[in-house]
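First up is the structure itself, then whatever we jot down about it.
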Amino acid sequence: MSSDLKSRFLQVYDTLKSELINDPAFEFDDDSRQWVEKMLDYNVPGGKLNRGLSVIDSYQLLKGGELTDNEIFLAAALGWCIEWLQAYFLVLDDIMDESHTRRGQPCWFRLPKVGMIAANDGIILRNNVPRILKKHFRGKPYYVDLLDLFNEVEFQTASGQMIDLITTLVGEKDLSKYSLSIHRRIVQYKTAYYSFYLPVACALLMFGEDLEKHEEVKNVLVEMGTYFQVQDDYLDCFGAPEVIGKIGTDIEDFKCSWLVVKALELSNEEQKKILHENYGKKDPSSVAKVKELYHTLNLQGVFEDYENTSYKKLITSIEGHPSKAVQAVLKSFLGKIYKRQK
């Protein structure tokens, strides 16, 4: 991804933001316009923008040539719709998880003037997506498919978040509920569909493809999303906070993390007892005991094995795809995340 394309992508953000804060469906005054602008700037463009940029990347690989200015704009607008969706999830997620930082700064709801207004801001972020789609895609033959796609992926993500929340109910900390299959279900729905399938599906629709003919592409991307989340779980504990932009709290939050699931699988009775007694507790000594056990069980080595095996499996699946252009899209995705540090 050239820095030129990234700067063009960011220019499209400014255009979309300006359209949204001048949306004729609502009479903005100075206060509301300033609020929304500040809220958007704080929550939408601050991440790595991988999901959004991937739409342009994927479309370019499918087309196989130079993109027109209009194609770049439309692919970027779809990319920003995904970033908006992500911002909406994260703003509400941070409230539910009582998080403190996100992307190296305080969570939006932690700002003194924001608080629980953040819940409504999340709803506004979510409602910005169909406004953008309507303005720029209403005349396109794939408009209805786009709306269906965003609605379905949002439903899948919210349902994944639900399984995550009800499985990690802090009131009844029951580690025996945690297994690789539960972890996989949470990850698939909560992360893989919107982070991996959605950007490629947007590019395929824009390219005139029928998504029903690309089930195997969806399957590979969901596998990739699972691999990505396992990396995330690993980095939450073993990554450097200054590199990943947040302080990991999966242990304190009793998260159904790949690490704890693997630890349960590899532990003897004595070690299981340590997990049951310390996992999900806020005090630093409990967290330290869990981390120490992770080291004892060599979860770093177990993760490296997992990473290598997953990579080989994914490459094999990708190379089985009949279209070289689709292979290129999938390989470009995999290349971005393989052995990442943040």
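The backbone N, Cα and C atoms fix where each Cβ goes, and this holds for glycine too.
Swiss-Prot lists K48, R51, R103 as binding isopentenyl diphosphate, and of Q34, Q60, Q86 the one it places in that same site is Q86.
Per Swiss-Prot, dimethylallyl diphosphate is bound by R102, K190, T191, Q229, K255; the candidate from K246, K262 named for the same site is K246.
Taking the mean position of the Cβ atoms of K48, R51, Q86, R103 as the isopentenyl diphosphate site, the remaining same-chain residues with a Cβ inside 8 Å of that point are G46, G47, L49, N50, G52, E83. Each of the binding-site residues K48, R102, K255 was scored by other CB atoms within 10 A of its CB, and the lowest score goes to K48. Most Cβ neighbours within 10 Å, among the binding-site residues R51, R103, K190, K246: K190 holds that distinction in the structure as shown.
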